[in-house]
Amino acid sequence: MALSLSRLRHPLISRSLRLLSSSSSVSRSLSRTSKSGIFSVGCDEHQRLTSLSRLTGVCDNSLKPKWFGIRYFSSADSSHIVIGMPALSPTMTQGNIAKWRKKEGDKIEVGDILCEIETDKATLEFESLEEGFLAKILVPDGSKDVPVGQPIAITIEVGDILCEIETDKATLEFESMEEGYLAKILAPEGSKEVAVGQPIAITVEDAGDIEAVKNSSGGRSASKNEQTTKHDTKTEVKPQKTSSKRISPAAKLLISEYGLDPSTINASGPHGTLLKGDVLSAIKSGKLTPKPYSAKEKASPSQSHQQSAASPESKSASASKQSDAYEDLPNSQIRKVIAKRLLESKQNTPHLYLSSDVTLDPLLSLRKDLKEQYDVKVSVNDIIIKVVAAALRNVPEANAYWDAEKGEVVLCDSVDISIAVATEKGLMTPIIRNADHKTISAISSEVKELAAKARDGKLKPQEFQGGTFSISNLGMYPVDKFCAIINPPQACILAVGRGNKVVEPIIGSDGIEKPAVVNKLNLTLSADHRVFDGKVGGAFLSALKSNFSDIRRLLL
């Protein structure tokens, strides 16, 4: 979600570049243009190199290894740095990226390990010299013979947090892109449904401009008010209109029945909402202001007599009975978007439903053994995620989505499982990426971390956007089975019910069939029929049942 700031400033073409400071005697060279700077940094205490093979003497002030980077500045984007392959030894001309320690989107502190680089001498840890965010990895893990100076990553500088913005997915922090002063806030705290691009604040470069901004804004407001006043004097005086404050339906009923002026009643609800209790308190206090009289509201003598005959106590009791039947709850932006998208999904996506029962006993046995033998605690849902990921890997046609523009099925390269997490603001779907390549314990740790972030509203966009397949598990509730709604653009969601003990005939070791108690679990697949036909759906459920019956092979 992008928001724009109205800035009273000039482009940063002439702004001086900030350089890295150093207390060492290592020389540094700088080549600069009007919008960028290229610099190299000597090896000193700010760039600590730790040899993974415990070699010493690789880095000292006499070796002068170089760290290459290009920094960009503009008035429309935040400062970012292109990091090049560093020279970590005097003879190094190229290196290998052994492993990235940070992922795209991760916050970076000074001294954090960015990646492990294999040089001609040893495997070294490459540390960050500044704080910021790792925006893009240009050279992936395992890249060989990367020349010194070739760009390997892009980082973005960290900025001050201006405000927290609630989007349709999560509450995100909006950072300042440039230095300056916050002169005026145009959209106050609690503002709802602010359009993308609508000005929300004004920043200035000089502190002396703050008062000018306030005065100019105030002057415009005063002139508008003056014009309104002059216009009103020319027109006929009209009855006072209802205040613009929010009024709940129950409060509206009481206000209408008693003919009250809502602008004279104190509101105690969130964001200035006038509630039923506020009106009842005003009625009981006896300090009521009637609504301004209007000729359209004239009543017949008989109606006036009937109204005067009714006592305030009877009116209050009657109104309380009618208004106690419901209470308005403000809807969050997330719930509004969820409601809209689910409706669109049911209307525009042809849902195909396939259901099957699987035996849960092998899964429960594996979970028990992991806890008792290895002290590894995982949930049933963690293992189900691994089971589903393995089935998608075995049936790649099920790991796909429908491209509406091209009118064709698109197969996904990675298995990214979205898990449904209930929060106070609505349902969130954080993603376990490459779930088929992760161990059950790794999946368990990631699920706990993402679920906590989802409930706190701290998920990053890359942690909930995307996904190739969804799982909705209501096994913790008394729900035997249900049908979930597909989350577009995905083509499938698996609904998991609770486990139940049932009696089934089994064949014993002696070859004789006899009854036995087993745990069964219902799985219901909701699939886009444009992607899933009967063959693909049947193959996927068969792979699921096979994984559940022989679940220990997932550990191989």
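Including glycine, each Cβ sits where the backbone N, Cα and C put it.
A TrEMBL annotation is a machine prediction, not a hand-curated record.
Note that the structure is predicted; figures quoted are calculated from it, not measured.
Per TrEMBL, domain 'Lipoyl-binding' is recorded for 80-156. The region 'Disordered' annotation in TrEMBL covers 213-248, 290-328. Under the heading compositional bias 'Polar residues', TrEMBL lists 214-226. Annotation source TrEMBL lists domain 'Peripheral subunit-binding (PSBD)' at 246-283. Look at TrEMBL and you will find 300-323 tagged as compositional bias 'Low complexity'.
Counting residue by residue with DSSP, the domain 'Lipoyl-binding' (80-156) contains 0 helix, 39 strand, 38 coil. On the 0 to 100 pLDDT scale, the domain 'Lipoyl-binding' (80-156) averages 86 in the predicted structure. Residue counts for the domain 'Peripheral subunit-binding (PSBD)' (246-283) under DSSP (helix as H, G, I; strand as E, B; rest coil) come to 24 helix, 3 strand, 11 coil.
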